[in-house]
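S.K.: To start, I am sharing the structure in question, which I have written as C-alpha cells.
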Amino acid sequence: MITSTSSNKAEKDYPDNLLLAGDGFYTIIKAKVVVDEVPSCRNKVSCADILALATRNVIAMSDGPSYDVELGRLDGLSSTAFSVNGKLPHSTFNLNHLNSLFTANGLSQTDMIALSAAHTLGFSHCDKFSNKIYNFSRQNAMDPMLNKDYATQIQQMCPRILDPRIGLFTSDQVLFTDIRSRPTVDAWASKSQAFNQAFITAMTKLGRVGVKTRRNDNIHRNCAAFN
C-alpha cells in the first residue's frame, strides 16, 4: 500500500500489481484513519492486520467462507518493486511452476488449488490471457480446452471456474487438466464444505507468509507512507 516516491518505486507499482484496483488501497487507508480516530485504538492496529481483516470480509460478503483472522502483525520498513520479482504466480504457469512457488512459501498443492479459487473474484487485463484466445498454437487460435462460447465472449470483451473448461488463466485451467490436481478439483466441485475448510486453512497459512513481528518493524500511522 506504500506509495512510490521520486527515490523509491514501491511494491504496488510492480507491473503485475498495477492490475490491482485503486479503490482497494483507498479502502484500507481510510479504514486505518477511522480506527485511529478511536483513542483506545490509535496506533495499535497495523495496516497489515486491517488488510487481512478486509480480505476476510470481502470473501464472506461474496458468499465465501468466513474465518478467524490471526492478528498481531506489524508493518514493514521497506517496500520496493524489485522485491516482488519472482514471488507472484504468472497466469501461464503450469502445475510444476505453481507448486514450486507455493512450496517455497510453506504452502502445499492443496493450499494452492484452494487459493486459486479466489480468481472467481476481481478482474484481469486482456494481455494476461490473450494467448489463450488468439494465438494459442500453430494448430489452434484458441486454447481447445477453453469452452468455445466463453472464449468467444472473452474475445468480444478484448479489441470470470475451472469446470467446465472456463478457467481463464492457463494457471487455473491446468488444475483441471493435470491428473495430479484434477482429483482435488473434482472432489471440491461437489463438496463445498470440504473446499471451504481447505480454503480457510490455506488463507490462514498465507496470512503467515512474510509476516512482520520484529521489534524494528512498526505500525504505520498512514498506510500509504512510512512513519
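Even glycines carry a Cβ here, placed using N, Cα and C.
Annotations in TrEMBL come from automatic prediction, not curation.
So TrEMBL lists these for the protein:
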- P89: substrate binding site (BINDING)
- H119: heme b binding site (BINDING)
- C47-C223: disulfide bond (DISULFID)
- C126-C158: disulfide bond (DISULFID)
- 1-227: domain 'Plant heme peroxidase family profile' (DOMAIN)
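Structural setting of the listed features?
M.R.: According to DSSP, P89 (substrate binding site) is assigned to coil rather than to any helix or strand.
Neighbour count (other Cβ atoms within 10 Å of the Cβ, all protein chains): 24 for C47 (disulfide bond).
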S.K.: Distance check, please: Cα of C47 (disulfide bond) against Cα of P89 (substrate binding site), rounded to an integer number of angstrom.
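M.R.: One finds 24 Å between the Cα atoms of these residues.
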S.K.: What mean pLDDT score does the domain 'Plant heme peroxidase family profile' (1-227) have in the model?
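M.R.: A mean pLDDT of 84 is what the predicted model shows over the domain 'Plant heme peroxidase family profile' (1-227).
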S.K.: Let me know the most crowded of the recorded positions, choosing from P89, C223 and counting other Cβ atoms within 10 Å.
M.R.: C223
